[in-house]
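One structure below.
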Amino acid sequence: MSAQLVRTLAKKFDSDVVPAIVNVADVIPHSLQINIEKVVYCNLIHGSYVMKYIGISYNIFAKRRSDKDGRSFREFLACMSSEDEYFEVIANYSGKDGDSSYLPVRKGDIVRVLKKEPRYFTVDKDGEIGKVPKGKLREWTFAPTEEETQEQNTSQTAPDTKISSNVEQSAVQSSSDVSNDFFSMGYNFPSIKTTETTTTTTENQQQSEIKFDLPQQQEEKQVVVQQTEITEQQTIKIDEQVVVEVDKSKEFEVIEDFQEQSAVLSQPIKISSEQLNQIKEIQTIIEAGISPQDLIQKLKDNLQAVRSVQTFKENDSTDEMIKISKEITEKVAVNIKKQISQAENIEFAFQTGLVAELVDLTRRTPVNEITQALIDPIRIISSRGTAEQVHRLFELNTIQSLTPKLKISNNQVIQDIILEIFVNIIKSGWKQQQIQSPAIKSRKQGQSQQEEGQNKLQQILNRSHPYLTSLEDQGVIRKIIGVVLLNKDIKIPIKSRACEFLDAIYIEGAKIPSDLLNSIIANLCESVNVKHDYDVRVAFKSLGYVVLNQENFDAIVTGDLIDSTLNQFKKLAQGQNIHKNLIQSCLKILGQIYIYSIPTARNMIRSEITSEIFEKLISNKDYEEDAKILKATFRDPQTVESLIRMKRPIELRNNDYKNELIYNGIIDILINEIDQAINKDDDEVRDENPEGSKIVVQQTDFVERQLNLLNALPAALIKIQYLSPLNSLLNSLTVELNHHLYSQGIIQVMIKIYESEDVNVKKKAIDIITKIISSGMEGAKEQEQHPYLQQLSEDGTIERLVQIIREQNQQTINISILVARGISKLFKAAAIPEDFIGEVVGILKENKKFEEIALLAECGDNHEQILLNDFEDDLFKEDQFTLDYLRITLSLLQLGNDTNKTKVALAVKSPVNKLVEAENVNQIGQKVQFKWNKEKKDEIVAKANEIVPLIQIEEEKEQQREIERQIEKEKQRLIELEKEKEALKANEQNPLLIKDGDKSKDQEKEKEQDKEQDKEKDHEKESEQVKDLKSSKSQKELKKEKEKEKQKEKELKKEKEKELKKLKESKSKLKLLAPLPPAPIEDDLWIQQESVPKVKQVPPLPPPPIEDVNWEKKEQI
């Protein structure tokens, strides 16, 4: 406990009346069983308040007792109370008209919370009960100001000298009942005995002295509280002066007063030497393969036994038992580390009391006997445990127990582990509920509401660490500074860890007591000049923690840190090999020094960091981003400082704190800061705008934090201005940084925000989505798909975008157009699903979004939908869309099917041919509303020249297809002619041999049986015909007939040749060079005559069927 004044508020009482409850504020320690002996400095003043510390209320019960000599004294008992939570109203709330369930309150009101809901708290204000928005309230604790304390000490209040007997009786009865109840429950309350002795009494003054009988653990402290009761005109004034005597030689020994045993430990047990030897064989239990939970319970029991041997007087522990207990300790510590390496076992270790035993063991272990095995399990819990579990480590007084162990000499590893535990506990402690400071009393005269809001926000941002007050009061922080940072024998890596601890616990950066500041900073600055490279790097890292706090700036400048830092950059410019971590630390130090420096020093720094050095720094990926931050700091130091100040508390604390910042206007402040950083008026900043935006995105974590906050807020609470910084950044970010935003889930957050009922918020959210999508396809080549398509299809984003189109109403028409354009960009060179391609393409056509249609045209599967309703005829109707028309045409001609290609080529031939000439393009470019620049004109001419050959190819293909169609017609005509001739010949010779060529296979199968039956009949008929020929014609007649047939054959050949000649002439007219081969002449008579001798030679065989004869004719043809 430091020597500062500690205030205790109590109900007034006199020597004859014992108060029922004395409520003590601001001084109750946080351990589970409150030791009232710790309240060593008291200043009793009038008041009646309930103490709350870390969410728990404590009541102090007072009871008058008498000792064996009959002297009267008061005994104070401490216990946790079940008081309700009290909250302070931080903004006026008028309730809801017509709804009495909502309670109107005014800023500054104190209300009692009855019920908590996600958005509203049900509260009691002076007997009125109703709901109040959660954002209008904050937790309230009493902390009197110096003015209030002085006013109370100087005011004279007339007490009621006569107290109603009913009140007295009730008070005494209440005290007796409550205290007896707690004693009956088995609580072991600490007590304070005060002895009252009466000294000199005069008419106007009576003075009594109260001495506190302190326990043996605090015998080194002597505290005397003098209480003076002044009676003047029936007025009693309670006032005392605090007498504090602190031994200067023990300035850093205050922490020893708090090395009490933890209240959560189980009672020690009586144990014999034989039992201790059995416990020693712990390895046998481990090898037996028991469950982890059972083993943790055994380990806890073993540590309890060790504690009993070391501390329980009834055990009469021998030296041998002490020795065995130390052996058990080492074995248990090793096995604890193995068990809690698994995260699920950490909670069980807390529940069984194993962690409490372990922490208490480290407290009891002398400094020279502390081992790494003993503290390693605590380090694991602090690094792997949840925020709640690490908070329990703090409640077990882990920091207080381990701080004295930093004195261990020649063991840098143990010192580093202890400080690592401290850093882990402190960083995790930021997530705990904050004890909020009192609100601003009232608005000062002339102060605007905006200024008041900014002051409130600044108070929230500067809110201190929840553990800070207790660690400062107990002297822990000063102890660490004295043992580590003031000791020249401590190695620089350990000092760096101590600086990290100070940086973690102070929101404004590492804070060092003013009387120690110069010497500590000087030692750290000297460390950067040592020879060992590793120590130099660690020294600069340490100074990087210290330089953040502006209070340390003067000492840093005196320590020549600026020159030492600039020397590192000079070495880099000379080509020396400097470690990347050293450069990173120097960049951060130099940027912070630049922020606090006067203009002369700033000019000197800028002159040393030349453009050549900046170019070299930026070209190295290891410290490129830190160099960008330094460059931004040179440009706008105030904005960078503001962002850093806001970044620290936001990234350290929990979501409740972040929500409180939002409710108090943090978004508006950030918007102003970002807009100022991005939209500077000077040309240099405007030209380097993408770099400034890059710093905001990659170095300040602003975007990531804002997305988290927007995602946590209900859509109904989001205002359009919350989205403005993101929208501004997207206008100046590179493709790479936009992809970085996409990877952080910005599209998914915007989809959630679209659920807002504010149409402006909806539109802004969709606008941001389409900007990210547009940026994602930049640099993509033609027919290359969008890189985000697959992920957004799988996570349901595209499905939601389609739903937005289908939900279109009069107010969201423009939003539907934005969504359709975004979808078309996502489906660049990809097939849109059939279930919504019509809706998307329809919107694009209706609103003349030909640029997006061109993207869809890069996939042939989309062409049919694009060309619906003769879309090709609408191309090139409006000059302003000429370039988009050309892109669409090019894709249709390159990727479409033959039918669509021909259709498009014939439709666009005339306008495209005009665009080949630059002169025509220039004339059109001057007529359009937004005149074309040279680059656009050149692109139009280039695209037209690329399309014209494709059109010519399609024309040639169409001519070739026309020729082929003519040839096919001619072939069909000749075939028909030949068929007619064949039919005539067949009729002349034998109608029975005519084949019915039109029979289908199915019909042939159905008539197979009929054919078989007819075969025999045909065979008989043919045999009769052959006999008739033999009998009726002579050999000469047969010869003459044969010659006639030959003559007819020659005539038919001549006619054939004439037909072929005509065909050749038509081919030459159609530019067909290849002649048509002559068709063979079929001779049915020859076939018939040749078959006659075969019939003669084989008279018994039946003639072949008609089908076979026709097949034979086909073969000969």
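Easy rule for this one: first residue shown is 1, then count along the chain.
Including glycine, each Cβ sits where the backbone N, Cα and C put it.
Among the ranges 142-171, 442-471, 952-981, the stretch that TrEMBL annotates as region 'Disordered' is 142-171. Per TrEMBL, the listed range annotated as region 'Disordered' is 1093-1117 (candidates: 218-242, 668-692, 1093-1117). Mean model confidence for the domain 'SH3' (82-142) is a pLDDT of 80. Helix, strand and coil residue tallies for the domain 'SH3' (82-142), in that order: 3 helix, 31 strand, 27 coil [DSSP].
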